[in-house]
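According to TrEMBL, the protein carries these features:
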TRANSMEM  12-33  transmembrane segment
TRANSMEM  45-65  transmembrane segment
TRANSMEM  107-125  transmembrane segment
TRANSMEM  131-154  transmembrane segment
TRANSMEM  197-216  transmembrane segment
TRANSMEM  228-248  transmembrane segment
TRANSMEM  260-281  transmembrane segment
TRANSMEM  287-309  transmembrane segment
Amino acid sequence: IRELSEDLLVTLALGQVLSLLICAISLISKYLANDFHANTPVFQSFLNYILLFLVYTTTLAVRQGEGNLLAILKQRWWKYMILGFIDIEANYLALKAYQHTTLSSVQLLDCFVIPVVLLLSWFFLLVRYKAVHFVGVGLCLLGIGCMVGADILLGRQQGFGEQKLFGDLLVLGGATLYGISNVCEEFIVKNLSRVEFLGMMGLFGSFFSGIQLAIMEHKELLKVPWDWQIGLLYVGFSAFMFILYSFMPVVVKRTSATSVNLSLLTADLYSLFCGLFLFHYKFSGLYLLSFFVIILGLILYSSSSTYVAQDPRVYKQFRNTGSQPATNPPQLSPGVLEPSVTFTNLGTELGDEQPVRVA
């Protein structure tokens, strides 16, 4: 129990570090857009991908053997090309949505990433959930509902535009792409390599974002009133984004894409708390309530293990095991491999040490 408690605390702490990084990124973006009228989301992402390229892609280039850059490109270049494109468009759609819809809508609809990750993890990573996981997810979403309710009551409607429906669709599109990117990231860092994932993101991300930058934002860059303050903000944004991209695979490998996305729900709250001092936002007790509800949901979700089906044949069998005792599986003919369901979690749960065997 003590080991589980320590592991749970470490997991919660790591998730909140990611949230604080996103909070810093959001605040810098707000300063750039509001105070300096620098609306350059593609350029900001481009700087991050260039840093990833310089650090991780060059690391792959000097490696020997199967982990070498050329060897990886020969085997699965087209997969990383698609993933890189998905990642940059997820960032672009999310930032673009603020120009067309309300802050409350962005915060609420952005939660769509969670059911996307749950479904993709179920079908492609073969993850199986318990009732406690769905309760935890429900509490996290309830916490976001409290935060949005507080925004509406206080009249915080920044970012409202005439094309609100278009903005809402941008949020949903961005959340869907984020979900795909996160699940792919989880598979790669757990089965291949963290450096391989980041190196390929740096390679294809800088390529596609560079093209998008040249097409869509070259005029915006000319409008930016360049000085040392703006330069410092861009450097800070790039540094925090680089740290976020470098650190997230570590947390994803330890936990899961679902757990990470639940942890990131607190990022908006941290931004609001900072806004109380920096931008003189009005305070509401619902903000504190939503924070504690989200943390409670995270604790519930992280306190129990998830199932991972090791063989796709388990799909059909797993749905039919409710009426069969797990301790008396039917006999298999000699030479036939038995599919299994094993546990993966943030810490070992009592009673979960032995794998459950199903026919």
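Cβ atoms here come from the backbone N, Cα and C positions, even for glycine.
Non-local neighbours of the transmembrane segment (45-65) in the same chain are 71-72, 88, 91-92, 195-196, 198-203, 205-206, 209-210, 213, 234, 237-238, 241-242, 245-246; each lies 6+ residues outside the stretch with a CB under 8 Å from one of its CB atoms. Between the transmembrane segment (107-125) and the transmembrane segment (228-248) there are fewer than 3 Cβ pairs closer than 8 Å, counting only residues 6 or more apart in sequence, so the two stretches are not in contact. Proximity of the transmembrane segment (228-248) to the transmembrane segment (287-309) is not established, fewer than 3 Cβ-Cβ distances being under 8 Å for residue pairs spaced 6 or more apart. For the transmembrane segment (260-281), the neighbouring stretch richest in Cβ pairs under 8 Å, chosen from 12-33, 131-154, 197-216, 287-309, is 12-33. With respect to Cβ pairs under 8 Å, the transmembrane segment (12-33) is most closely packed against 287-309, considering the stretches 131-154, 197-216, 287-309.
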